[in-house]
Amino acid sequence: MFQTVAANTLISAAARLFGGVLALVSIGIVTRSLGPGFFGEYSAILAFLYLFSIAADLGLYQYVLRESSRPGANERSLFSVTFSIRLAALSVILSIGVVAALVFVPLSPASRIGIPLAAVAFWLQSLVQLSMAPLQKRLKAYWAALAEIAGRVLQLGLSVIIAVLGGSVVLFLVALVASSFLQFAVHYRAVRQYLPFRLSFSLPVAKGIIRESLPIAIGLLFTLVYFRMDTVMLSFLRPPEDVGLYNLAYKMLEYLIFFPAMFVGLIMPRLSLEAVENLKAFRVTLQRLFEVIMFAAMPLMIGGFFLAPLLVEALGGKDFLQAVSPLRILLVAAALIFLGNVFGSAVIALGQQRRAVWAYGIGMVLNFGLNLIFIPRFSYVAAATSTVLTEFVVTFGLMCICARASGGYIRTMRVLYALAASIVMAIPFMFLGDISHKLGIFALIPYLIICPALYILSLRMFRGITQEHIDLLRAHAVR
């Protein structure tokens, strides 16, 4: 029953949606309790240490997902060694990150105590991410769903208690650590059930793994450095209030981009197998995957433009209304990140990760330059705009690499179907504006029910969805 991409996508999406609601409620509690200034410090700590957690990633998740799907792979041995490498890398690099944060991140004395706590949270979350690979290969998303919901419920409960007690940056980071530990415990139990791995280290094997995964790691590092660089640079170049406003909008982006990453991760084993055995089938799968992701990205971008004021008010209240502008800009970036997930995974499946490093490197340099020039004058609007421009350049570069390596170009005609259906979906926003004024944030409820239904109906009516898209969702696990 649960062994198809569609079932796992629905389980993961439902869990992420419910978990996302809980997380956004938690963020709403944190923002209201801390205010823009201290929420800016909370965000700066997480953004800075996130860079170090990515440096410790080493591309191992994508490497394991690809290699374990190849014929003849010894998955148990592979995962045991990669888990051990990740564990060691996290311990060393995050320790360096803690020292660097204490020296360089501008924080109040009370908030500095939270830096090692944030490092522990990232240590646990990184191990959770790696443990997703065996579960995704087996299409066992319900374990990840259980971990997601359990962690979010715990974080919300602790956040409520902390807010009642007065709230502080450190205490809210304690809640994050507790939530991360619970997620890790569930993931660890699940992976051990299907893959009884153990800590194992062999220097020759580790060298071989790192040699293959390093280009993935460099590309990922470039990607996530520029993904977080804007928040870090805002913390140095603008007051904490600006960081808090921007980070509220960015939280929405972070929750949204999980969905394409999750869906593409479920298709990744199939792409990896076809890239080796049948390149023509690979091109067909990639085309359908591109179209399915576009069907999700287009309404998100257009519908989000109209819902931005309501979303910001729901998350942060009246004090954060200036976050509407960066949120609208970042929704365009979200659509591009959706596509970047598709082509980034395809590049890895094709074994072209070394070429992709150039695209990611150009993106990082471009993002740094744009932020350095424009953030001092235009603050979070400049940060959001630079994210859009960077994602466009990187996604286009990855698409070109895929086309050259696979011998085929992506056809974009069906994007027009998604655009047409999204325009139809936007009609209630344009003609029912009075509802927003009368109901306030509660207007989200009818909009989030009516508009998605209208979009899906319109897309079906325009015949944008075909049997091939449905077959992709019905695909079973790669054995």
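Quick reminder: no glycine exception, Cβ is built from N, Cα and C everywhere.
Over in TrEMBL, the protein carries these features:
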type     : residues : note
TRANSMEM : 7-30     : transmembrane segment
TRANSMEM : 42-64    : transmembrane segment
TRANSMEM : 85-107   : transmembrane segment
TRANSMEM : 113-130  : transmembrane segment
TRANSMEM : 209-228  : transmembrane segment
TRANSMEM : 289-309  : transmembrane segment
TRANSMEM : 329-350  : transmembrane segment
TRANSMEM : 357-375  : transmembrane segment
TRANSMEM : 381-403  : transmembrane segment
TRANSMEM : 415-433  : transmembrane segment
TRANSMEM : 439-457  : transmembrane segment
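Beyond the transmembrane segment (113-130), the same-chain residues lying 6 or more positions past its ends with a Cβ under 8 Å from any Cβ of the stretch are 42, 45-46, 49-50, 52-53, 56-57, 60-61, 64, 82-83, 86-87, 90-91, 94-95, 97-98, 101-102, 105, 107, 147, 169-170, 173-174, 176-177, 179-181, 183-184, 187-188.
In this chain, the transmembrane segment (42-64) lies out of contact with the transmembrane segment (357-375); the count of Cβ pairs under 8 Å, excluding pairs fewer than 6 apart in sequence, is fewer than 3.
When each of 42-64, 209-228, 415-433 is scored by its Cβ pairs under 8 Å to the transmembrane segment (381-403), the top-ranked stretch turns out to be 209-228.
For the transmembrane segment (415-433), same-chain residues at least 6 beyond its ends with a Cβ under 8 Å from one of its own Cβ atoms are 294-295, 297-299, 301-303, 306-307, 447, 450-452, 454-456, 458-459, 462-464.
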